């Protein structure tokens with residue numbers, strides 16, 4: 001039982017660290033060449049869903 005709890009805690013901590021690494025600064029905006037993205041008050045990207053024709057270049061990368 002103790003090992004199961006330890007594994008659960010490790011997974012929980014890993015998930016929280018990953019979530020924080022992907023968070024953005026609330027109010028910040030980015031343009032990917034077609035759509036605008038705004039960072040919500042909760043730290044998540046919200047983007048317009050305008051159709052974007054295929055292009056040779058990449059787009060905005062959230063990493």
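Quick reminder: no glycine exception, Cβ is built from N, Cα and C everywhere.
DSSP classifies residue 39 (disulfide bond) as strand under the three-state reduction. Counting every protein chain shown, 17 other Cβ atoms lie within 10 Å of the Cβ of residue 39 (disulfide bond). Look at Swiss-Prot and you will find 24-39 (among others) tagged as disulfide bond.
Taken from Swiss-Prot, the feature disulfide bond applies to 34-52 (among others). All protein chains shown were included, and the count of other CB atoms within 10 Å of the CB of residue 52 (disulfide bond) stands at 12.
As annotated by Swiss-Prot, disulfide bond applies to 37-47 (among others). Around residue 47 (disulfide bond), the same-chain residues six or more apart in sequence whose CB sits under 8 Å from its CB are 32, 35, 36, 37, 38, listed in sequence order.
Residues or ranges marked as domain 'Pacifastin' by Swiss-Prot on the basis of sequence analysis: 24-55.
The signal peptide annotation in Swiss-Prot covers 1-23 and rests on sequence analysis.
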